[in-house]
Amino acid sequence: MPYEPPTHTVERSLRATTGAKIIAGVDEVGRGAWAGPVTVCAAITGLRRPPVGLTDSKLLTIKRRTELEVELRTWVTSYALGHASPEEIDAMGMTAALRLAAVRALGTLPVRPDAVILDGKHDYLGAPWRVRTVIKGDQSCIAVAAASVLAKVQRDKMMAELGVDHADFGFADNAGYPSPVHKAALEERGPTPHHRLSWAYLDALPQWRHLKKVRSWVEGSVPEIEGQLGFDF
């Protein structure tokens, strides 16, 4: 299937139908991971021409994704990241954790967006935000595609840092997602403080079941990676 670059079609539609001037694209990464936070990026891009090759982060090679992320950090008008920790995910469930991370990201932006374009079918953000959901928005919408790349690369960096003290789990390679190395380490060593104990696979490990919800999230264990704050509107 030939590459079709994302466009500003959704942004233009929102401007025309709602009067919104400042529109943020929002995407998440880490939803299906066994370990680490779920991360949401909110990116404001305006209507400028995007960097060449911008698309859903999952469709890019690691090399190209990393190069593009560097370019995006200075190309976007502004962006910010929000995280929900494994402990928060265990306590409230994924939908509420996604909302928490998204609210944190949007609240870190230098201005409040008039509208939000959310990747996917379901609106996990809700009122009071004006939300337009777009299936495969990370492929079709420029602002969401930018958020996708920024979120993915920066969460991957975060997981690599967390993996320094947990080398057997392969966080630098699997970013906390299921993998044979990750599975073997869990079965041998049990979960780290960065694991989601409510996830079905971890919950089913009988030798570690006594640890379920009996751990505290270590303050500052998730490295701070700030979003760029800009006012170039």
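Any Cβ shown, glycine's included, is placed from N, Cα and C.
Annotated divalent metal cation binding in Swiss-Prot involves Asp27, Glu28 plus, out of the candidates Asp119, Asp123, Asp156, the residue Asp119. The Cβ neighbour count for Asp27 (divalent metal cation binding site), using a 10 Å radius and every protein chain shown, is 29. Note: Glu28 (divalent metal cation binding site) has non-local neighbours Val38, Thr39, Val40, Cys41, Leu98, Ala101, Ala102, Asp119, Ala151, i.e. same-chain residues 6+ apart with C-beta under 8 A of its own C-beta. When Cβ atoms from all protein chains are considered, those within 10 Å of Asp119 (divalent metal cation binding site) total 24, not counting its own. Model confidence over the domain 'RNase H type-2' (21-211) is summarised by a mean pLDDT of 91.
Same-chain neighbours of the divalent metal cation site beyond Asp27, Glu28, Asp119, judged by a C-beta within 8 angstroms of the site's C-beta center, are, in sequence order, Val26, Val29, Val40, Cys41, Leu118, Gly120, Gly137, Asp138, Val144, Ala147, Ser148, Ala151.
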